[in-house]
Amino acid sequence: MDSKKSEVDEVTVSPILHPSNDTSKDAIAQPSTFSRISRISSIFMVLVGGLALFSDGYNAQVIGYMNPLFKELYPDAFTPTIKTRLSNAFLIGEVFGMLFFGWGIDRLGRRTGIVFATLFLIIGIVLATAAHGKSPTSMFWMMIIGRGVAGFGAGDETAFVRRRRGMLVAVATDFAIDLGFVMAGVIVLIVLAAYHQHINDGVWRVSFGLGFVLPVGLLFFRLRLINSTQYRKHAIKSDIPYWLVIKRYWKPMLGTSLAWFMYDFVTYPFGIFGSTIIGTLNPNNTLVQNIGFGTVLNCFYLPGTLIGGLLMDKIGRKQTMALGFFLWSILAFIIGGALNPITSVFPLFVVLYGIFNTLGEMGPGVGTFLCGAESFPTPVRGHFLGFAAAVGKAGAAIGTQVFTPIQNSFSDPQKGVQGVFLIGAAFAMVGCLLTWFLIPDKEKDLESEDARFRAYLEENGYEGTFGESIDAEIKSSAFHI
């Protein structure tokens, strides 16, 4: 690479910045060409990213529909401990995946991280689908390991879109995941119908195995994606000044991480065990009815993401997130406090449970990701967002871990359901307070925060390199123009 292209391709931060004065034709034309390629790649990134998250949602939620099936198919082996471990495995894998890929994205770029994530996801799904053992218990443990590996692969971070990110992030991330939740239920019902509602291990193997199709199909397209413009302009390739970063961003890091913990602690167990709750309150239901009701409950997630996306752009990220947490908490208190009269009209309980899901997605469902992304500058966004999301998934794993024991601690199953709703309400209210007092109001323009961050590093004497070469990505990209 010649010296003129080098000046365009990277910016070096030192106590005094020296912008390039090179106005040669090559220096101007290459960024213009890259900009067009990057725009095309960004469109594909949003589409492919949305499909990938749809796949992740399917693979995360399908286990929730399998729990009632496993209970009937393997009544002795499917103990409360196995049920909890199996429900938790994907989430615990995601915790480690988010930490690892959060680190890898900032150092290696989106494409490298995505490829490794997809490979882990595929391997994990294959292991879970092909699970065998000398006994049902050993088969379940192989399944647990496979889902843990798949969860690790699902722990990669999602790209951001700059303009009107509220609605775009809602549709490209949360809506896609929730649609995967819904389709998991639909697919399980179709598979059961194909087996004429005859319960055998083919039902869960086919349901798990179908989660393999989309990641394989997307792998080629993910290989061709180039890194986002924001990442290329501002990435720190080495020697990240962690102390300076934490000193400046400790408060939003604490706020986004703890709020995400509260959200996932509540939403994941109520989503995964939705069919189980329905079966507990209405024990005369068939397996198909319980899975069907669980699918209906997950459908209520979808309008929540769209409403939240609109409100994020209208009244602000922090305000929408706090409002969602507050309303979520109030409704959970109502359901938990008045569960007996509510369940006497069972469709009313299903509708209120569904609205409960809607409110969770409307506020923290969209807000945790977006506030976490916009609270930090591009060079360290993957680190901080990966950490916050990992804390959130730790909340999901803990919530899933304690959900069944809390229910079982009550002699009356209905009291157990009442207890988990009231505890969920308390956690949601804490999430509201954390959001209001710890998460800052941020500008929609990520570039402004990046500029302030670079100035802050300069003032504190940091010398390092931002940006990376454009040439290699243009040559390897499939989107030549």
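One is the number of the first residue shown, and numbering goes on along the chain from there.
Backbone N, Cα and C atoms are what each Cβ position is placed from, and that goes for glycine too.
Just so it is clear, the model here is predicted, and its values are computed rather than measured.
Now, the feature entries from TrEMBL:
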- 45-443: domain 'Major facilitator superfamily (MFS) profile' (DOMAIN)
- 43-66: transmembrane segment (TRANSMEM)
- 86-105: transmembrane segment (TRANSMEM)
- 112-132: transmembrane segment (TRANSMEM)
- 138-155: transmembrane segment (TRANSMEM)
- 167-196: transmembrane segment (TRANSMEM)
- 202-223: transmembrane segment (TRANSMEM)
- 258-279: transmembrane segment (TRANSMEM)
- 291-311: transmembrane segment (TRANSMEM)
- 323-356: transmembrane segment (TRANSMEM)
- 419-439: transmembrane segment (TRANSMEM)
Contact call for the transmembrane segment (138-155) and the transmembrane segment (291-311): at least 3 Cβ pairs under 8 Å, seq gap 6+: no
For the domain 'Major facilitator superfamily (MFS) profile' (45-443), the mean pLDDT of the predicted model: 87
Per Cβ pairs under 8 Å, the stretch of 86-105, 167-196, 202-223, 291-311, 323-356 packing most closely against the transmembrane segment (43-66): 167-196
Residue numbers, six or more beyond the limits of the transmembrane segment (258-279), whose CB comes under 8 Å of its CB atoms: 61, 63-65, 67-68, 87, 91, 181, 285, 289-291, 293-294, 297-298, 301, 321, 325, 328, 332, 350, 353, 356-357, 360-361, 364-365, 367-368, 371-372, 388-389, 391-396, 398-400, 403-404, 417, 420, 424, 427-428, 430-431, 434-435, 438-439
Interface-richest range of 112-132, 291-311, 323-356 toward the transmembrane segment (167-196), CB pairs under 8 Å: 291-311
Distal contacts, the transmembrane segment (419-439) - CB-CB under 8 A, six or more residues away: 251-252, 254-256, 258-259, 262-263, 265-266, 269-270, 318, 321-322, 325-326, 328-330, 332-333, 335-337, 339, 360, 364, 367, 371, 375, 403, 406-407, 409-410
Folded-back contacts onto the transmembrane segment (112-132), same chain, C-beta under 8 angstroms, at least six residues removed: 52, 55-56, 59, 93, 97, 101, 104-105, 139-140, 142-143, 145-157, 205, 208-209, 211-212, 215-216, 218-219, 222-223, 225
Residues from the same chain, set at least six apart from the ends of the transmembrane segment (202-223), whose C-beta lies under 8 A from its own: 44, 48, 51-52, 54-55, 58-59, 62, 65-66, 69-70, 73, 111, 114-115, 118-119, 121-122, 125-126, 128-130, 150, 153, 184, 187-188, 191-192, 195
